[in-house]
Amino acid sequence: MSWNRRSFLGALGVTCLAGAGMVPIVRPRTAAAADEFDLLRERWCSLVTGSGYDPDVEPFKSRLAALGAEAEQYLTTLAPGETSLWPDLPLDTSTWNMTLSARRLRTMAVAYLVPGTGHTGNSAMAEAAVTAFDELTTRFYAPPHWWGNWWDWLIGTPQALNDFCALLYEQLGPELIDRYVQRVDHYVDPGAIDRTTGANRGWLCEVTAVRGVLGKSPEMMAKARDGLSPIMVYVTDGDGFYRDGSFIQHEYYAYTGSYGISLLQSVSGLFALLAGSTWEIVDPNRQVLFDSIENSFAPFVYNGLLMDAVAGRVISREAEHDHWRGHLLAASVLRMAEAGSPEEAKRWRGIVKGWLLRESEPRYMGDQTLTMAAVADAQAVLDDPTIEPLPEPVEHRIFAAMDQAVHRRPTWAFSISMRSVRTAFYETINGENLKGWHTGVGMTYWWGADFGNDHYTDGFWPTADPYRLPGTTVSRKPLEDGVGNNVLPTEAWAGGTTDGEFAAVGQSIQALESTLRGRKSWFCLDDAVVCLGAGITCADGYAVDTTVDQRNLGENGVHDFRLNGIPSPTSGTWSLTVPNARWAHLEGFGGYVFPGGARVSAIRETRTGSWYDINVGGPRDELRRRYVTVYLDHGVDPVDASYVYLVMPGATRQETIRRAADRRWLRVLANTADRQAISVPSLGFVGANFFAPGTVDALTVDQPCSVLVRVADGRATICVSDPRQDGSTVRVTWNRPVASVVSSDPTVRVVEAGERLVLDVTVEETAGMTQRAVVALA
């Protein structure tokens, strides 16, 4: 449903509690009796329950029945006592149990109101829920109680209870509603919104707005609306959205795929709630939020999943996997489409439709955690023939503010997760993400158009070897669970440069709780990512590995794997080291090439673990997964070790062998601690990461920087960035004749263009983003 001021004012003469065609209990009122707050409350109910769908057809019929069964379970097990409403959720040991109790009440309210649950209009359900609500807000969510996690008191519990009160507003009556509003005012004090940023601020604005609706408070409505304004600006440090598309939460963490989604959920709900009302969101900076959908969120979605690289500690939660997060984002984008321009709305719906149609298991429409509203919105898009599903883009994006990069090709996607003095190694709080120590030292992820889409979903994090994460160079020194929270590296060089299709990405690595140092680069090309490492030095007294890949084959995977042509058995535990291997291939995933040959090791094994091992709130059930791991052993305490390898997602065995045999495809121009560079003549590509001033082939620079050159059709595009984000001007000399400068960014000054090209590139205040010039070749 599209919300606007005309439809809002017209609705003042009509009332239904949870959307057209949805409510079994109709309460007619005169137009005079329905004030603006009544309509806002009814609109919020519609946003909670969904509208415009037929409860007698799938996928709604079975979902409504499941909702009813869940509510019935809560009804039959409800047993208010001294310390709980439900025996399995003691309220004196965990404030999270208070939030979960509130959510159960909300489920009961929804089951009572919507058709097809088997409890529609069931007075016993409503009466039990109201009685339990009375208990909760008298003895538990009430002053002077205050302990545990602040989030449950200010956000989690009132979010669910707001929905509950809106849904059962008339059953609760003025006295209980008024008392509840006072509870919210006590915990969400007048300064609460202004003390928060990012997702927390969005959540609190939502809590305040719905509380304002329930209490009919214009002041609270204005406070909630105005509280959104600081979210709708670009930041240059700390929490929020950055111009390059980054989203940071908790000061130092890439959190687009967790807190970022939560922010979009809250804000999209408020746009829908307030549209056309006295408190409509009209801040001109709201375009920042609209732009974030394609600038911040969509680049991290592939075939409907939202990449783990930007999910922080959430990767340790069993239920909140990459597909589930993608579902939440899709639902929020569809809701936000109601607020965007017609062009944006059409494009966003097309993006989401593409995600829905391409997604592998677990699919959106089978996700039982989604609300009826989210399912109804998605079904409407799927059923609309005028909405064209948009394909995955072919592009490269560097998110310099949060040290992330994403490379997209027609049949695969690849992500690189880095850290620097700007971003902490990993976050572990509340007993979560206990072994995430090395997720930021160059971890790589990749997925194919039709393979590997459940690789990280299927028990990867509790069963994978945390010392051999793909792409990382790591000391085997044992680390304690949870060590190093909020610790930042001292190295500044992380990032790279891109022409929008290919890229040179690099990182000066510093490992957590280790003496390990080194340089890593990834050159992202058409059918491969070329990976270089150099200057790898460590004095921990432990072996150091570079992990080429650690592939999860599932519980019983028997994929064919060959190292330099030597097959591995498909069962049991197997390991092999080949002194001069040139290639490896894993059926169903892709190939790996080692130019010039390398000492390569591989393991096939069954690994076990539980979610509890990495998250104290996770189940203890043991999981078993089969893995193939390919790695380079640099030995104990290496000095200036190096490597070169290619990852070829989706490549067949024959394609891998051909690339390994082609000695002319790749030229490694430099691979030292000061500079890493390659040339691929067939692509007209040169990429160079300078960790110090110097010369590589025809390129000379006077400051640390990243440079990419693409030559095609008589022109060259020169791209430059400052991954350290602390420089002022970089002089780049390309020792090749040029005829003229076709175009350049305002930051690029042409010093010389003739027998050679000399550019002075102002990188100060460019935040690590790429600066470009295009020249015609002589």
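A Cβ is built for glycine as well, from the same backbone N, Cα and C atoms used for every other residue.
These come from Swiss-Prot:
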SIGNAL    1-33  signal peptide
ACT_SITE  N200  active site
ACT_SITE  H250  active site
ACT_SITE  Y259  active site
Cβ-based isolation winner (fewest other Cβ atoms within 10 Å) among the active-site residues N200, H250, Y259: H250
Y259 (active site) versus H250 (active site) - Cα distance in angstrom: 9
Cα-to-Cα gap, N200 (active site) vs Y259 (active site), nearest whole Å: 8
Where N200 (active site) falls in three-state DSSP terms: helix
DSSP three-state assignment for Y259 (active site): helix
For H250 (active site), the three-state class that DSSP assigns: coil
